[in-house]
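Take a look at the structure set out below.
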Amino acid sequence: MLVPIKWMKQYVEINTDDKTLADKLTLTGSHVDAVIDYEKKVTNVVTGKILEIEKHPNADKLIVTQIDINKDEPVQIITGAKNVNVGDVVPVCLEGAELPNGLKIKKSNFRGLPSYGMMCSYEELGFDDKVIPKEARDGIAILPPDTELGKDIKDVLELDGSALEVEVTFNRPDCLNIVGMARETAATLGTKFKFPEIEIKNEQGDIKEYLNGVEIEDEDLCSRFYAKVIKDIKIGPSPLWMQRTLMDAGMRPINNIVDVTNFVMLELGQPLHAYNLEALSGRKLIARRAKQDEKIVTIDQNERSLSDRMLVIADSEKPACIAGVMGGYYSEINDDTKIMVLESANFNPKSIRETSKKLGMRSEASARNEKPMGYVMVELANKRACQLIEMIGAGTVVGGYLEAGRSEYEAPVVTLRPHRVPWLLGVDIPVDDMLKYLNLLEIESTFDGEKIISKIPYFRTDIEQEADLIEEVGRLYVFENIESAPLLGSTRVGRKSDKRNLEDYIKTILCGIGLYEITTYSFISPKSYDNICVSSDSPLRNYVRILNPLGEDFSSMRTTLVPNMMEVISRNSNRGVDNAKLFEIGSIFIPKEQPVVNEPHEKIKLCIGMYGNYDFFDLKGIIEAVLSRLGIKVSLKPVTDNPSFHPGRTAAMYVNDDLLGIYGEMSMEAAGNYGIDHKVYAAEIDIEKLLEHKDTNWKYEPLPKYPAMVRDIAVIVKDEILAGEMIETIEAVNPHLIESVELFDVYKGEHVREGYKSTAFSVTYRNKERTLTEKEIESIHKKILEQLERKYEAKLRM
Amino acid sequence: MRDQLLKLKEEVLKQLKECADNADIEKVRIQCLGKKGDLTAILRSMGGLSEEERPEIGKLANEVRAIIEEEMKVIKEKINSLEASKKVKSEVLDITMPGRIPEIGRRHPLLQAKEELESVFMRMGYDVVSGPEIETVANNFDDLNAPYDHPSRDWSDTFYISDDLILRTHTSPVQVRTMREAVKENKLPVRAVCTGRTFRFDDVDDTHSPMFHQMECIVVDKGVTLANLKDSIDQFVKELFGNNVTTRFRPHNFPFTEPSAEVDVSCHICMGKGCSSCRGTGWSMELLGCGMIHPNVLRNCGIDPEIYSGYAFGMGIDRVTMVKYGIPNIRLLFENDVRFLKQF
């Protein structure tokens, strides 16, 4: 929020410079994001009144003006501006004038006539377009007719001062206005705060003569409604001081009535709404729910369709206003309005927020109505507006008011035990200081010898319990002044869960052997399941759906990490990265039922993906490397029926009957769906299962004392015989003496029949107790061949 | 015979001097000392000498042999060292040519940062805890004292799975889980750190992502104060950014802490002097949010706020990572371009 310091000074004594003020406010909780300097670099610009306007004899679009600047002779200025008339008072840049945009004014010649300066706009005086008064937006700044002539524009427009840009926290809507910030400032600086004196001097008549009544039909959406009537309205510009005050607070002046309501909203935080009373059917205002699909044309002249979750303020026939959000067009104040109703009310914040969001209409007023200031302020603000209207001569206030809903405020009492302050803050603060701080904040507090008793004022609904008062004391003491103190107690080092340690270990291994870690969104497109060719009855399609996703492409909580991996591979491949080895460890989500009611299962998966000059066995090697470091031995089964994967190049890993994961080459269709025309290898492995089967209790085994002997054996078998099974068969022949079996060659082609392959194994024999003899080895080697022949119809390859 | 020996000696020594490599020496050796060598022949013919001559000549012959052998050794060493240096010379490499780097992978920069943060807190005695990404509204909002009409609960701010389930909007629900578990298992006090994914209804742009990461720490014990919180954060910030960095505690508001504060860290670009990146304030904005755990939250978790107090603080990890590595756009973190990942 923008807080002009000059405005704030009307309610509080400020005895520091702006920078110190900003720092101090920040340290007591009103975070000042920036100090904005309004000092404008303007020289030699004075006020002048246009005495004469003549057409330029030689130019259609130019006029020649004579301007009285309170000197002996008027100055002649030629301009193309269209919004000036004889009698207007305008800023005149004389010869040698300088403007904030760097412009320097010189005497010049327009088609044969001299011009001794120029008239200027608010924009040229350095104002932001969004605060320039409506009628002066596209032309010269027009000043009030009674402005003294020949005066320095800097004095007339008060082109100085500064404003604080304050971030107001959610719990402090009372600070979303100048008076609230003044109250904070007073408390921070320890100076005096003064609430504006509200007094209407000359009320005439009785409201009941003009307005038949105000009613609340839906108390849950409107808790208080207060109205006054103003007659004899003369719409016109508001006085310059009010315009300038609004402009410095970031708001555009419109006309005297609108400016007053905006002024009060900024000053006190309470939005007001004015209705043209003569336009209201039945001369009544009713706060009620809109009917479903009820229509209203709002002041921007758009027709809006409402729902029964929205509150309207209606006359006896139709909605006159979308309550707290935007006024209706037909009851709007216009230049001919003579009599009006001024409304102030408390609405349901949630309803206001939903309505303004749904209709796409968020304004300063609706934002403030989302954080109501309470029953008391409703009346104060309305009267304050009446006072100002009267003061600036914009109308006559009618006596009395009409109201509906709750109006009473009983200050709740919250107590504070002084010893709880050091208990929570870790600093000793004298009781007197606590009392001082609370009272500075206008929280009326007394000490009864045991506890502080605080009466909570209407504008501080955020204070509900002791801790809230401790915060108030602490922030005025200033947290920065509380000395740090080391935490006492345990000094042990923190721990991680076994699962997390495992994840970290796997990541370390994978990075060590050349893989790159990726991280991707937890939600994916439901189309992803089609893209990776998941079968229609697969449980992977049973996913947790986000009810309000950012878009369909982000609506499924993933049941597999593979689609994201494929997307990343596709992206890299498209960008010209010719190979990559990647992994992600992340959660998948499995619903317990549909529609989802209970918290779904979240499981951690490891996904590996690679493409480029790699093959199946590179992937397998990576997985085996990880498994070996975890001490896990798996058996593999070929997977031929998973449409995501190549039916002849995919393996499922089991420990006993427990499925740990699957890996292999992605099917051509799946790769194709991601626009990848080369081979992609992927794995998805269950981390929880790895944790379950992990066995890393490494034990020392004596180093071999006797030599090993290596014998090779090559046999011809049918293609479909699995090498892994043959290795297991060989090992089983004599697990005691066969130390290891290694497949070192697979050959197909010349000398090997079609449908057959030659497989060559290297068998290492070792006896731990003594040196093996040639004879022993011969006999085992023979048995191996026998087994292979018997089991696989293998033929020894000569 | 004596002359013969002396002549042989002279000759052999001369030949040795002319030797260029070990093969030459071997040739000389065989010719002189070999079974059929000249010296051997002379020795053999000593049988024809008189009794008086024999010892004398024998002695001389042995001396000649010793001299020749000694010389041979010297020459050999010379040649060896010459050859060695020749070999070394022939093996000289251009050591500026590139090495063969075994491929080393990389941790994702975001997760690297996340783990570094965890490690810092583990050293400070915090256990690493975690919670689910799909959370209950109760844990994420209600029990954290979030007002029922708080905008963060709106469908336009939070992803809903059902009326009671959402994607967690912060890591704070892990506080609730951790405190409850500590109470259930009688394991108070608590010191825990949690990092993880969080989600908010934000469209993707340079600085926003619907998924981002947070870190959260809690301490619950008897006698924990705001002064302790300040100390912990000071320590942590120094650990993370070095000793030159200063912090500023500003009161703030969070539903789940009371009092609450935000912590600014002195601007990393101007070191607190004020520059354009910190809008002249000298402070880079809002590193983390913190506060004393709200008594309502403690109560909701079954902890008596009259006996126990605690603090909590949390921060976004994505932004810290981006600042640390100078990453200008949050999208880069989730694109996983290998050329990006390779840089960290």
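Backbone N, Cα and C define each Cβ position, glycine as well.
Spatially close to A:GLU472 (Mg(2+) binding site) yet at least six residues away along the chain are A:TYR437, A:LEU438, A:LEU441, A:ILE443, A:ILE463, judged by Cβ distances under 8 angstroms. Following the DSSP three-state reduction, the secondary structure of A:GLU472 (Mg(2+) binding site) is helix. According to TrEMBL, the feature Mg(2+) binding site maps to A:ASP462, A:ASP468, A:GLU471, A:GLU472.
Marked as domain 'TRNA-binding' by TrEMBL: A:39-154.
Among the features that TrEMBL reports, domain 'B5' is placed at A:409-484.
The domain 'FDX-ACB' feature in TrEMBL is assigned to A:704-797.
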Sparsest-packed among the binding-site residues, when each Cβ's other Cβ atoms within 10 Å are tallied, from A:ASP462, A:ASP468, A:GLU471: A:ASP462
The domain 'TRNA-binding' (A:39-154): DSSP-derived helix, strand, coil residue counts: 8 helix, 46 strand, 62 coil
For the domain 'FDX-ACB' (A:704-797), the mean pLDDT of the predicted model: 92
Secondary structure composition of the domain 'FDX-ACB' (A:704-797) [DSSP: H/G/I, E/B, coil]: 30 helix, 32 strand, 32 coil
